[in-house]
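What follows is one structure encoded as structure tokens, with my remarks underneath.
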Amino acid sequence: MGYVVIKCGGSILDGLHPSFYENIVMMMEENHVKPVIVHGGGPEISKMLDQLKIETRFIDGMRVTTNEVLDVVEMVLSGTMNKTIVRNLMTCGGRSIGLSGVDGMLLEAGPIHQENQLGFVGKVHSVNTKIIERLLNEKLIPVISPVATDKHGGRWNVNADLAAAAIAKALQAPLCLLTNVPGILKNGKVLSNLSHLEVQQLLDDGTITGGMIPKVKAALDCLHEGIREVVILDGTEENALKRFIGKEKIGTSINLELTYAK
């Protein structure tokens, strides 16, 4: 039984179809695949920062993370968001455990840029896969917040896409990026399979637009991190994960092959 890493962005969590949690529990119970959930929480972090009147800014789409901002990031991601997902899995009969990259030094990280313009924004250097494997062997579903640590006890705010990519690479697992769209569209039709070169061409010629651009760029970043396959799925669609695990054509699958049948 292999692994699958499922990344849920903060913007999709409220809109997830109820079957998402049921599908995760089914994976464990029926031994189809071992699921690992990695989540973000950008909108909720921004809301809490506004409530606390803490100013924040972005550089190239990444939140500049001061120590004050990092306190809020950890509180929201490892607290509210993480436990909401754990509770939802429990209500569907699943056994899950919420943790962050700090716990057991699950995710060891360092600064994403040497210039350190982004403050405490990090990049994962290593993943303690033994923790994940032990939890899954005990039939516990890991729900991971992307706050990481280092050997000196420091904390790092890691982009959830990149944290999920690092975990998928360490586990040699495919990565599912959940969104609120059915996949990459061309002339109104979903493109089922694409190579990274074909995706880049669709970006260059303007076929991919709007909110899909950052999602697709995240998928390409994940492939360049060594992931063998990234799948963009519509998390608002009923039984999307179940259908994907069942090998149905759903969403858009992207890999590094030069040619891939549509």
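Keep in mind that glycine also has a Cβ here, set from the backbone N, Cα and C atoms.
Some features that TrEMBL has for this protein:
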| type | residues | note |
| --- | --- | --- |
| BINDING | G41, G42, R63, N157 | substrate binding site |
| DOMAIN | 4-233 | domain 'Aspartate/glutamate/uridylate kinase' |
| SITE | K7 | site 'Transition state stabilizer' |
| SITE | K215 | site 'Transition state stabilizer' |
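Annotated features taken from TrEMBL, shown on the structure.
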{"residue": "K7", "record": "site 'Transition state stabilizer'", "Cβ contacts under 8 Å, 6 or more apart": "I37, V38, H39, G40, A160, D161, A164, L175, C176, L177, L178"}
{"residue": "G41", "record": "substrate binding site", "Cβ contacts under 8 Å, 6 or more apart": "G10, L13, V76, L77, T80, M81, S145, A160"}
{"residue": "G42", "record": "substrate binding site", "Cβ contacts under 8 Å, 6 or more apart": "G9, G10, S11, R63"}
{"residue": "N157", "record": "substrate binding site", "Cβ contacts under 8 Å, 6 or more apart": "R63, T65, V69, L70, V73, F120, V121, G122, P146, V147"}
{"residue": "K215", "record": "site 'Transition state stabilizer'", "Cβ contacts under 8 Å, 6 or more apart": "L177, T179, I232"}
Residues within 8 Å of the G41, G42, R63, N157 Cβ centre (excluding the substrate site residues themselves): G10, G40, I45, S46, T65, V73, V76, L77, N159, A160
Protein Cβ atoms within 10 Å of R63 (substrate binding site), excluding its own: 21
